[in-house]
Amino acid sequence: MENERVEREQSQFQEDEFIDSRKPPPWRKQITVRAIVASLLIGIVYSVICLKLNLTTGLVPNLNISSALLAFVFLKSWTKVLQKAGIATTPFTRQENTIAQTCAVACYSISLAGGFASYLLGLNRRTYEETGVNTEGNNPRGIKEPGVGWMTSFLFVTSFIGLVVLVPLRKVMIIDYKLTYPSGTATAVLINGFHTSKGDKTAKKQIRGFIKSFGLSFFWAFFGWFYSGGEKCGFSQFPTFGLQALDKTFYFDFSMTYVGAGMICSHLVNLSLLFGAILSWGIMWPLIARLKGEWFPATLKDNSMQGLNGYKVFICIALILGDGLYNFVKILFFTGRSFHSRLSKTNSISTLVEVPEDSTKESDNLKRENEVFVRESIPLWMACVGYLFFSLVSIIAIPLMFPQLKWYFVLVAYLLAPSLSFCNAYGAGLTDMNMAYNYGKAALFVMAALAGKNDGVVAGMVACGLIKSIVSVSADLMHDFKTGHLTQTSPRSMLVAQAIGTAIGCVVAPLTFFLFYKAFDVGNQNGEYKAPYAMIYRNMAIIGVQGPSALPKHCLELCYGFFAFAVAANLARDLLPDKPGKWIPLPMAMAVPFLVGGSFAIDMCIGSLVVYVWKKVNRKKADVMVPAVASGLICGDGLWILPSSLLALAKVRPPICMNFTAAH
């Protein structure tokens, strides 16, 4: 379904008679100073947004389309201002737009996938204490406090190797196998659409919509700050459905970030979140809380992993693992079947680069795209030398940072990385699903078990980061190569842009994280910045070390049940006809509110409701404007984080505490 939609969109922009057919500029001229500046600014803003989303719920929508729109807005405005000032400037091309978008995505992807809210943050003392100092397997040797220096070094050591691991196979995967990479194709469709006469008019409407929603969101966040001068104060604690519902986390917290995210995510994701919130906070946790004294000691603290909090964390993990394992096996199956069928074709050589015969224009476009993509190749020796160099650096540096992870474990990880990266990138090209987190979780369990009780927690989480980083970056690069292929952008300039963005991200991400870490109460399970995945990853490592003995009473049986439910739900959605199948909830989305509460699920559903009503009133306008308006809501609220965190660091507190109590 997704692939068919993308192919329809692709054919639409290829049919536009006004599409830019000029010869692409040389690859060095595609990388401009203004594109790097634009990507730096977008990367910083989106790094803040990604970290806020990661540290609050861990659920982050795909922001690639949004970043392409912002890159167009920034560079188009730049060229127009200079032209009005009478300053000569080079034309703004779709290749430059692609470079800016690629560089920006590479930058904020480090904040998104760098482990700041999961496996790296899970090493700190607070998460160790929240997990339970008396929990077997939760060794005090497994503590490493966050630091700008070691985090930046770790990112530089681990983030670049994924850029070179699959470079030799780019032609095979993009041209020969014709993998669609739906997200990369959709981004290319958007960028190509901008650079047409019709697309320019549409872009102006989107820019106006973005500016209005951005202003509204930023002003609302600024206004709401004045009323949040204390714990559980402000509009974020507004008892929309009453005080009892507020205690169960069911309320609208006026977060424009999550309303915007809900507009981007599908209705199924948002409804799955709400279903998970109702099932957990509305039914299960109140029932289990009544069993205090029977299932777990009544004297335990609320945050004890042997009490109610343990059920929240481990059942959430069971859903995540069940969903992840099913999709992992499914993607491997489809990848293997597709790969085998291609290899078994006797006439594969003649059909690999076949050109459509029904449209001369489409045929010419495809020829130009393939020609540009193949002409400016990246030398094989460069990729091999780069992989060996970064592997050697990692094998030396990572055991120095983390003595618990021995050098030979790092060596094994890098020997396995190319094959794992290929499987993941091939699967992502078919399904648009990046399974890097599941490869990382597999590495976590294996390494935690191998390293033993004393070193297992740290070794497991760091190994998870190594594998996930390589596998994720290589798949993202293939998405970018697909975008570059369809916008006739040189692979060399794409790789350089990705490297520049990654380098910027390795500096920006730790600094942005420490803005949150110093200004806000990160890791407080009763606060806004719960960092749920730090707790989840540390507990997964403990399970890897200890096995099921780490779980509270009857929790293992519940985990088995929810693991089976996750597998069954995915199986039902794949096997049932489309009509009933589309209503089966997504276990991965259901799992998030199990730990963090239901308020953000209500925000997301309100975003979904806005999109639903808008499409009922004017579907054509909604299809054009929803991404722009949603991006504005996310960026406005996200940008307010910068001044609010600086005020918090300066000890400037909001003047008013608005909260609500019962009248009697």
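Any Cβ shown, glycine's included, is placed from N, Cα and C.
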Annotated transmembrane segment segment (source Swiss-Prot; candidates 244-264, 496-516): 496-516
Correct range for transmembrane segment (source Swiss-Prot, candidates 55-75, 517-537): 55-75
Beyond the flanks of the transmembrane segment (209-229) by 6 or more, those residues with Cβ under 8 Å of it: 69-70, 73, 235-236, 254, 256-257, 260, 625, 628-637, 639-640, 644, 653-658
Contact between the transmembrane segment (378-398) and the transmembrane segment (147-167) (at least 3 Cβ pairs under 8 Å, separation 6+): yes
Intrachain residues whose Cβ lies under 8 Å of the transmembrane segment (409-429), provided they are six or more past its termini: 161-162, 165-166, 169, 173, 177, 179-181, 331-332, 334-335, 338-339, 387, 391, 394-395, 398-399, 435-436, 439, 443, 447, 450-451, 459, 463, 466-467, 470-472, 474-475, 478-479, 482
Which of 31-51, 55-75, 103-123, 314-334, 549-569 contacts the transmembrane segment (147-167) most, counting Cβ pairs under 8 Å: 103-123
